[in-house]
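Record features (Swiss-Prot):
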REGION    1-265  region 'Amidoligase domain'
BINDING   Ser13, Asp146, Ile147, Glu148, Lys186, Thr187, Lys188, Pro189, Thr190, Gln191, Lys222  CTP binding site
BINDING   Ser13, Lys186, Thr187, Lys188, Pro189, Thr190, Gln191, Lys222  UTP binding site
BINDING   Ser14, Leu15, Gly16, Lys17, Gly18, Ile19, Asp71  ATP binding site
BINDING   Asp71, Glu139  Mg(2+) binding site
DOMAIN    290-543  domain 'Glutamine amidotransferase type-1'
BINDING   Gly351, Leu379, Gly380, Met381, Gln382, Glu402, Arg469  L-glutamine binding site
ACT_SITE  Cys378  active site, nucleophile
ACT_SITE  His516  active site
ACT_SITE  Glu518  active site
Amino acid sequence: MTKYVFVTGGVVSSLGKGIAAASLGAILESRGIKVTHLKLDPYINVDPGTMSPFQHGEVFVTDDGAETDLDLGHYERFTSAKMAKRNNFTTGQIYDSVLKKERRGEYLGKTVQVIPHITDEIKDRIKAGAEGADVAIVEVGGTVGDIESLPFLEAIRQMGIMEGRNNVCFMHLTLLPYIPTAGELKTKPTQHSVKELREIGIQPDILLCRADRSIPVEERRKIALFCNVMPEAVIECLDADSIYKIPGMLHEQMLDEIVCHKLNILAKAADLTVWENLIVALEHPLHQVKIAFVGKYVDLTESYKSLIEAIKHAGIHTRSQVNIIYLDSEDIEKNGTGVLEDLDAILVPGGFGRRGTEGKIAAIRYARENKVPYLGICLGMQLAVVEFARDVAGMPGAHSTEFVQDTPYPVIGLITEWLDASGKIEKRTEDSDIGGTMRLGAQVCKLGEGTLARSIYGAPEITERHRHRYEVNNTLLAKLEEKGLIVAGRAPGTDLCEMVELPADVHPWFVGCQFHPEFTSNPRQGHPLFSSYVKAALANQKAKGK
């Protein structure tokens, strides 16, 4: 029978519920417990796929093609659990499902209400997502007190009764703000947050208290007494310089023991050796490199969360401190590429919209002409093809039809047909809806023999996750290949171009990939493409005699 840990948050948002939930999952997994994670999002959007990165941050893509909350990325990076569509759902999805059932007559003419119909749908989805796990860690998005969260909180309250006391644990993350004029941490916001939860009918078993300094023993006792939890269950969560230290911090305070005791689980002792080794590698690098990250949303790095973490993972596995220099592509458009001169490698990530594209193309041109290691991901690959077409293949004005419909050389165009993960044919037109209409999820890619990509991956065939509508135009690909562009990877069956590179005698390391390799990187194994990229940056640094 699956047991549940429900994670809620109070006082303010963005306290790190996702990191706390992922860290608990990592500790429990090290004890031999099979865990999974769910994220319940109270917003009415169907998914974050069409939301602005400035509103929501990164959209994390799963193997089965779900566009999900970025917290699912944390769950996959911290544990071995694979996330899927069932692991993340929103108010929009819940209401959509209930309304469709009502239209089909499944409620037999009853008045459809929030309780029981919406809450029952939430409970059913939680159970479906938790199936097969020993422990399901369920994070409820938002902040206690928000009106949007109420149906979700009511649903988990009901599960607390229905599943039995030894099968459910409630963990509440809260904030203890420090008031400089008073010279102390304030517990009152936490007390009020717990009071809100208890009014709903949920009594937290564990309190995770975020603070920027150590919480005095007396304050912890006060919190325990006024919030009706055991003193040892008031866990101190101090700010850390790396999220990968959090599992160790929580384990030191016996969080996993408290959870196992509450859920009546007998398990072996936790072994966090792998996390300890990661921290050693992170804190004692042997090298340093500087990478230019040329993007559109660089003021909000949460938009590139998985990519930034993947670069950090590569640093861990190459014993390198990777210093990411964030550069706004619009600034490069206005001021030129001088800012790139002192850097060891250049990266252009995925993105949407025309704004800043010429700045990215200028950065790509600089990388190609100056033999600076270059990695282009999704749009970063497409713009590398555009730059090559314009400046090498003799196609002036070449562009993507996403940005210029009447370009004389549409080297990038809308994918009109492809096979999805199940082998079903997907079709799109320019008039298709924006939401949920991209080529999404895990896709197979065949790597060409003798290519750099093949040597990096060490395999003839790979599977990576996609999120895009546009692809290299096969009708113009032959001319690009004639001029020296190497198509290093293709999708079997459709022959879509998935990876490009330049010959070794032209450029030491120039790779573009249509997929998003960052979605499958984790701190324990890293990812071969990012590790190779950082090694290329180190080699470039050495060649320049730095």
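Quick reminder: no glycine exception, Cβ is built from N, Cα and C everywhere.
Taking the C-alpha positions, the distance from Ile147 (CTP binding site) to Lys17 (ATP binding site) comes to 19 Å. Asp71 (ATP binding site) has Glu139 nearby among the recorded positions Ser13, Glu139, Pro189, Cys378, counting only those with a Cα within 10 angstroms of its own Cα. DSSP assigns Thr187 (UTP binding site) to coil in the three-state reduction, outside any helix or strand. Between the two most distant C-alpha atoms of the annotated ATP binders (Ser14, Leu15, Gly16, Lys17, Gly18, Ile19, Asp71) there are 12 Å. Neighbour density at the Cβ, taken as the number of other Cβ atoms within 10 Å, is lowest among the binding-site residues Ser14, Thr190 for Ser14. Its own atom aside, the Cβ of Lys17 (ATP binding site) has 24 Cβ atoms within 10 angstroms in the protein chains shown. Candidate binding-site residues: Gly18, Pro189, Gly351, Gly380. Fewest other C-beta atoms within 10 angstroms, Pro189. When other Cβ atoms within 10 Å of the Cβ of Lys188 (CTP binding site) are tallied across all protein chains shown, the result is 11. Of the candidate recorded positions, Ser14, Glu139, Lys222, Cys378, Leu379, the one lying closest to Gln191 (UTP binding site) when CA atoms are compared is Lys222. The L-glutamine-binding residues named in the record, Gly351, Leu379, Gly380, Met381, Gln382, Glu402, Arg469, extend over a maximum Cα to Cα distance of 14 Å. The Cβ of Glu402 (L-glutamine binding site) lies under 8 Å from the Cβ of Arg354, Ile412, Leu414, Arg469, Tyr470, each of these being in the same chain and 6 or more residues away along the sequence. Under the three-state DSSP scheme, Glu518 (active site) falls in the helix class. Counting other C-beta atoms within 10 Å of each candidate's C-beta, the recorded positions Lys186, Lys222, Arg469, His516 are led by His516.
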